[in-house]
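Chemist: Checked TrEMBL, it gives:
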type	residues	note
ACT_SITE	6	active site
ACT_SITE	199	active site
DISULFID	129-329	disulfide bond
DISULFID	188-353	disulfide bond
DISULFID	240-289	disulfide bond
DOMAIN	1-325	domain 'Peptidase A1'
CARBOHYD	262	N-linked glycosylation site
TRANSMEM	363-388	transmembrane segment
């Protein structure tokens, strides 16, 4: 089975029944080592969801890790907008922390199981390739997942590390963004609203709405195109050029500044337009059409595949840091399409760009405001009851008590 590697979720799950959009599936009845736990689990992503049953089974690694290891696996029985037409994968490997595991953090993740059983270092690294290549092409664009270490042949230059701010997603701290070398001049907290994460399971670079608007304006202002459809920026339209033209020279470089392990320093990762102006479709013999590889987000800045394809990314869980190095496969027409530079001083930004109040999801903000409003209403009622004559007061019975269990937040969303 082909498995989607996702650093933005924590469950390992594979198709467990036939599905019109998958070519293969895992039949647990044919496995002598599969053990069902009988626990139903549902996982919801920013796009799509699935429901399945938790179990355990034995896995082996084709190279490097010799031996058999027992891991938790969910067999997907129902899904919605998860398996899509034309996808080449049959399941998902969540590599984030157990805090995101469903139905609870007590479900040991795939990688935690390997670290415990195989005694490998608590670190993995990921090289995603495909820069400048058609998104909907045939076959695979390659790449590597290294469990337990770093492979020197997969990067050039130095590795730059940024601290993991919180261990659930791989949450990092972004200090500023530049378009064509020009600072967006936003408050750095805007870049981390309400979190900034490194997520291989998200296709695009996703930016909080205010940041997205500023980036689009800056790109439009600095690009060499005078008239451009708004539908291209919102993702509803493609832009097409003659196949002999390469539109990337018309667009600016995009740079993201991350705080270094030394908090008084920062470094920047930069992607050229070959990574965010993405070929999608060929029309006839002459036209190549492209999409905008950046979108808006209501709850996070997400460094997704659009950016990650430019770098070898190290998830050093042992030292609570994420590393970036230039990837040798991040080339288009023989020229690099990504850069890393530093160090830079952080004197011009706040000492902490991440909100000190750690509400993980917007729903928690809503819940907090709702609870404050409810407390206000209760206080008002109590004042009224104190002021009115006792004979008018209602004597409450057990039947009047409301147990609002539904207000408990049970799910986190990507």
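Quick reminder: no glycine exception, Cβ is built from N, Cα and C everywhere.
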Chemist: If you compare CA-to-CA distances from residue 240 (disulfide bond) to each of the recorded positions 6, 188, 329, which comes out shortest?
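Modeler: Of the recorded positions 6, 188, 329, 329 has its Cα closest to that of residue 240 (disulfide bond).
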Chemist: Of the recorded positions 6, 188, 353, which one has its Cα closest to the Cα of residue 199 (active site)?
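Modeler: Smallest Cα separation from residue 199 (active site) among 6, 188, 353: 6.
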Chemist: CB neighbours of residue 289 (disulfide bond) within 10 A?
Modeler: 15
Chemist: Let me know the most crowded of the disulfide-bonded residues, choosing from 129, 353 and counting other Cβ atoms within 10 Å.
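Modeler: Top count of Cβ atoms within 10 Å goes to 353.
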Chemist: Within 10 Å of its Cβ, which one of these disulfide-bonded residues (188, 240, 329) has the largest number of other Cβ atoms?
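Modeler: Sorting the candidates by Cβ neighbours within 10 Å, the top entry is 188.
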Chemist: How many other Cβ atoms sit within 10 Å of the Cβ of residue 199 (active site)?
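Modeler: The answer is 22 other Cβ atoms.
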Chemist: Which of these recorded positions has the least crowded Cβ, counting other Cβ atoms within 10 Å: 6, 262?
Modeler: 262
Chemist: What is the pLDDT of the domain 'Peptidase A1' (1-325) when averaged and given as a whole number?
Modeler: 92
